[in-house]
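Copied over from TrEMBL, here are the features:
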DOMAIN    17-287  domain 'Homogentisate 1,2-dioxygenase N-terminal'
ACT_SITE  HIS322  active site, proton acceptor
DOMAIN    372-507  domain 'Homogentisate 1,2-dioxygenase C-terminal'
BINDING   HIS408, GLU414, HIS444  Fe cation binding site
BINDING   TYR423, HIS444  homogentisate binding site
Amino acid sequence: MDSENASRSPEFPADLKYQSGFGNHFSSEAIAGALPRNQNSPLVCPYGLYAEQISGTSFTSPRKLNQRSWLYRVKPSVTHEPFKPRVPSHGKLVSEFNESNSSATPTQLRWKPVEVPEAPIDFIDGLYTLCGAGSSYLRHGFAIHMYAANKSMDNCAFCSADGDFLLVPQEGRLWITTEFGKLQVSPGEVVVLPQGVRFVVELPDGPSRGYVAEIFGTHFQLPDLGPIGANGLASPRDFLIPVAWFDQSSHPGYVIVQKFGGELFTAKQDFSPFNVVAWHGNYVPYKVTWRVNILCVMKPDFIFVQYELSKFCPYNTVLIDHSDPSINTGGFLIHGLSSLRSFIRYDPVHVYYYQNCFAWKFCFGSLFCFGAVLTAPTDKPGVALLDFVIFPPRWLVAEHTFRPPYYHRNCMSEFMGLIYGGYEAKADGFVPGGASLHSCMTPHGPDTKTYETTIALGNEAGPCRIANTLAFMFESCLVPRVCRWALESTYMDHDYYQCWIGLKSHFTCELGKEQNQDLQNGLEEKK
């Protein structure tokens, strides 16, 4: 269906309004005066509304981390029948990863794009888990899901009691109604739906598919900028939050579908959960957009204001080397124009001092061009439970440098997806809608074709711009287990390893047998 001519729900106007900011205390009212003044829970709320708080953190969390919102609604959310296990059960959602439902494998994995089924299927039934680690019961871990759907949710709403959803559509727009208001989310945008917040997904363009990262026990935040300074990467003002909208009409048999411990439960009620007339707080759904050109030029969309990729300000190599991406995630840089090995005084006692005071100051000659849009931190500084990273269009200008990502073994695990275009390290096989997983310490890097093409260009390649591409990564310090159905899927690319098999030796040093025996660490022994 042509998105320009798609029939638009009268409840989803073309000019949706948003508030902007990240981590702010927001407020919105669909009817003037619906928000109580001077207190959160008066004896009688304006217009006879009910006051209800939703807490995303414990009451006693530090103020800078505390997240909660007050909702003023026609009827409170507690007004429903008892929850019952959903029948039929879903069967392909996991929130506690162990030997009974998933497997550990160090093999490089890749999946081809999933085809949207012909039979009617909505977002809930089209959602399935690929991999993850940890447990929602223990409030630590993550799950990576994918979805493929072709019909809108009808007379039901969904929420996850397990964790926050970061939803990345790859094909087809999403019209999402939440208790806080409405959001339109297109491919090239992402939306975060916090734990416990109820929502409905409509599909104005018909078939839709995409990716979902779910985090347990924490929330996303903006990564620290470190030596970048006060500005750069994603700007807080470019995150968009819905404004209040409510439905007070009767809905007999309305179903709340709640994901709880990886299982689905349902409860019936006779009203819409989207009956919130006003709200205030900092525990809110939000979206961010990164789908247009990346030239640090403002280009607002002609339909509605959104965060475009042109507003995302990344950093890239300006001289030599393809350095570590930690500058974009708040971690330490360990490579660059000057590194720790460049300093004469180097011992375990002073390593930390050099990392913080010197290495950061001298590494600006080489910055890896991808940007962490959001991060879910752990209690270890610089270590993420899950980072959300994008690979946008960009310029490559490094001199005397192998410009694609280097060959790598990483203590972090990397799940990648592709929204559109191609990915610079994979000339073939990695296509939009597909996915790959490189787990902890599993080798990965450019395929044979990419390597040979890059080497053939030599040192005189000159500046070039990678355009018409948008890839992303979910990166975690935890080691993922892969669900059985993902390993047995017909969409599994069993020939993925072949992309590296063609790499041949380019070693050029020719030595005689006797001469070779006299070499140690590349230096000839003196006799």
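Heads up, the Cβ atoms here are built off N, Cα and C, so glycines get one too.
Projection of TrEMBL feature records onto the structure.
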| residue | record | Cβ contacts under 8 Å, 6 or more apart |
| --- | --- | --- |
| HIS408 | Fe cation binding site | PRO443, HIS444, GLY445 |
| GLU414 | Fe cation binding site | LEU437, HIS438, HIS444, MET473, PHE474, GLU475 |
| TYR423 | homogentisate binding site | PHE391, MET416, PHE430, THR469, ALA471 |
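Cβ neighbours within 10 Å of the residue listed as 'active site, proton acceptor', excluding its own Cβ and spanning all shown chains: 20. Taking the mean position of the Cβ atoms of HIS408, GLU414, HIS444 as the Fe cation site, the remaining same-chain residues with a Cβ inside 8 Å of that point are PRO405, ARG409, ASN410, HIS438, THR442, PRO443, GLY445.
Counting residues per DSSP class in helix, strand and coil order gives 21 helix, 47 strand, 68 coil for the domain 'Homogentisate 1,2-dioxygenase C-terminal' (372-507).
For HIS444 (Fe cation binding site), the number of other Cβ atoms no farther than 10 Å from its own Cβ, over all displayed protein chains, is 19. For the domain 'Homogentisate 1,2-dioxygenase C-terminal' (372-507), the model's average pLDDT works out to 92.
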